[in-house]
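Noted in TrEMBL for the protein shown:
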- 17-299: domain 'ABC transmembrane type-1' (DOMAIN)
- 329-543: domain 'ABC transporter' (DOMAIN)
- 12-33: transmembrane segment (TRANSMEM)
- 53-74: transmembrane segment (TRANSMEM)
- 121-144: transmembrane segment (TRANSMEM)
- 150-174: transmembrane segment (TRANSMEM)
- 236-258: transmembrane segment (TRANSMEM)
- 270-291: transmembrane segment (TRANSMEM)
Amino acid sequence: MNKYIFKNVKYIRNFLIVLGILSVIATITGIIIPYFNGVFVDVLIYTQDFNSIIKLTMLIITIGVVDVVFNYIYNLTYIKVLNKVVYRTKMQLIEHLRRVSYLRLSKLNPVYLNQRINIDVIAVFQFFIENYITCFMMVIVIILEGYMVFRVNVLIGGLVVLFVPVYVVIYLYLKRPLYEKNIYYKEEQNIFFHKINDQFALLKSIKINADFAKNNEAMDNSFRVFLKKTIDFNKVSFLFSSCDSVVSLLFRSIMYIIAGCEIIKKNLTVGEFTMINAYFSLLLTQIRYFFNLGKKYQDAKSSYDRIEELLHIPKESNGNQVVDQINEITLDDISFRYDLNSTMLLEKVSYKFEKGKIYGISGVNGVGKSTLINILIGIINEDVSGEVKYGSNKLQDMDMYEVRREHIAVMSQEFESGFDVTVSDLLCANYPGFGQDGIDKSLKQIGDLNLLFDNEMSLADLWRKRIKDLSGGEKQKVSLVWCFLKDADVLILDEPTANMDRKSIEVVKRILKDMVKEKIIIVVSHDKSLFEVCDKQIDLSSN
């Protein structure tokens, strides 16, 4: 994890320098203003010189304006830096998780994972950026302000020194409970919001089965657990804050008594009291800063540990061999089950897929059709016994990221497309720089592909539509077009005609026959008519 922190800190180092300079300027103005406020009060009471009053007023206004301007610049810079480094770190985490085994990753709920990463990355870098300079500056400021208070009145200066250890003792006593309750609270918060998201994701199913009471009960149970963790965490948090408030109140009360006695004895002027009171308030704020820094540190540490936990999930193995083309794929004695307690899904399965042939895979739902495809293309690559070969190369020795990117096109049942993309964005991804005319020319080379689209639903009509707005049939056809345009060596079609009419199915069959010469084509389907064009049918139900 340290390399991620330091790497990203290095990335924003110039911004951090700017923030440091702005912080120093803001701190200096914060120290100067109380001093001149005290001088101003003494001028009003003792000298009553109008010119001095005007000069001091202008000086205080100038310092105040400088303080406002630099704080404004600081806050804008801070927001920019925080968002840049948070985004960069999130992408590094996403990039890591993309290379984690599919089976491991599928056990993590995406909503839970997204919220967890978002909360934890912000917490870590917010803590670092806010405190990397402030922490050192506060030490210097406390020393300077303490010196100013001692310089004016030794008794009140001694009071400041006396109360600092009280804060330290309270923090040391509460730091462990703060950390533990905080991490439990964050974890339960992520789980609870995942449950809420499920209510929306499963809305159709809940309505169909009218399971309102059952789902309400499940949400109530989840909320009770979440509420308990929330209260447990806030009990410790409020105890921490309450101790701070009590110590602060006691601290200030004693200071007022001492200051009042000193003014009566003529050892302290009203202006000096105003100055000390301001510095005393600042000192309390700064001591409280360190008091709360411990609390914030435990919060950031719990987030840091949760990020580290994700980064410790090992990446899947991926070889380094690449190929110019794929002519043959062999499965030899493949056996697989998802966990030790489940039955064997695939057992001693052996097949050979050759270029120039179409293979049809059939079988009842749950028999392992999708699992077989995932093993064949290396998506599932753990706990698989047997061997997968691409030509003479073992799958585990090959760079399967490169192979899938350059040589394999997969049309899945759930046509997925990230972001809010249009049909044109999706299709042009295979041909950067191509417009609609270029895509149309490529489609004509594929033969009957344009026949999938009729006058009522031409590809041109869909060109500017967003993928998420397409009907099931439209998505199916656009997905097919995308696969065909990729011009891959291996074409895998999972239920390619599920939402199509008979006419479109016949078009797909003709296209497959025209394309097969230069490809390995694997069709997974319940549509028996598709197997008419297959050179070999594999029925997994019979294995």
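Glycine is treated like the rest: Cβ placed from N, Cα and C.
What TrEMBL says about a protein is an automatic prediction, not a curated fact.
Simply put, out of 12-33, 53-74, 270-291, 270-291 has the most Cβ pairs sitting under 8 Å from the transmembrane segment (150-174). The stretches the transmembrane segment (12-33) and the transmembrane segment (121-144) meet in space: the count of Cβ pairs below 8 angstroms, excluding pairs fewer than 6 apart in sequence, reaches at least three.
Long-range contacts of the transmembrane segment (270-291) within the same chain, counting only residues at least 6 positions beyond its ends with a Cβ under 8 Å from a Cβ of the stretch, are 30-31, 33-35, 37-43, 45-46, 134, 138, 141-142, 145-146, 148-149, 152-153, 156, 160, 163-164, 167, 170-171, 244, 248, 251-252, 255, 259, 262-263. Beyond the ends of the transmembrane segment (53-74), by six or more residues, the same chain brings 19, 22-23, 25-26, 29-30, 32-33, 36-37, 39-40, 43-44 to within a C-beta distance below 8 angstroms of the stretch.
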